[in-house]
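Heads up: the structure comes next, in structure tokens.
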Amino acid sequence: MDKIQILRKISQTLFFIYFVFLTSFCLCFFGIIEKFILKGSVGQLIAKLVVIVVLTLILGRVFCGWMCPLGFLFELMYKLRMKLFMKKKLPTVNEEVHNKLIYLRYVVLILSLVLTYYLSIYAFCQVCPIGFLTNLYGTVISLIILIFFLSLSFFVPMAFCRYFCPLGAFLSIFSIKPFFQLKTNNNCVKCKLCEFKCPMQIKITEKLDQKECIRCFECKSSCKKDALSFSYAFKKRS
């Protein structure tokens, strides 16, 4: 394990402990948006939302890959599969199906906001697996959903994050073209080892989709040619 993965694991572990055991603060920033729709104000919580949005504009979806406790658990599940079956390549979803499913989370995002407005309830919070994990809005349904997606992540890496997470959809809007981007350079020999390790099933050697990337840097850590760099967006390709 290289230094960046060690740092990421430390970050994920600390944020997991903080959000799950040390705070009653609503972790899901999507919940803050729902609260704004219902009450017209979120008080000091708006500062937390602004920080995450600004961080995403600068670095991309770093929250998803470094801070989210749910993503941390899903990652543990697919890596457990890799260890048990001694696989080097992550399982993939049919490309045509995958390319359609990635838009499903935007449907979840819009539907959740519409239902929140018209039903005057925290629509997504009622079923959100994070709610159960952090003991905030946990329901039987959210427990079932948590167990389902933990199980699914054993077979489809980061399935919830890829296809269903409204917070991921929200942050994707701000990470279409972040200031710092992950890019391939002229060292790339198209071996696709980076793609074999990408939990989001991104076609890195063809076009690295910044809004889908959760900044886990598994691709960069796996590259033997140092063909991936995380640099300022307007820096010329080397």
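Note that Cβ sites are derived from N, Cα and C of the backbone, with glycine treated the same way.
Per Swiss-Prot, the [4Fe-4S] cluster 1 site holds C188, C191, C194; the candidate it also names there, chosen from C161, C165, C216, C223, is C223. Secondary structure of the domain '4Fe-4S ferredoxin-type 1' (178-208) per DSSP, as helix, strand and coil residue counts: 5 helix, 5 strand, 21 coil. Report note: the [4Fe-4S] cluster 2 site is defined by C198, C213, C216, C219, and the residues of the same chain whose CB lies within 8 Å of the CB centroid of those residues, excluding them, are G65, L182, C194, K197, P199, M200, I202, I204, I214, R215, F217, E218, K220. Comparing the Cα of C213 ([4Fe-4S] cluster 2 binding site) with the Cα of every entry in C188, C191, C194, C223, these being the binding-site residues, the smallest distance points to C194. Here the Cβ of C198 ([4Fe-4S] cluster 2 binding site) has 23 other Cβ atoms within 10 Å, regardless of which shown protein chain they belong to.
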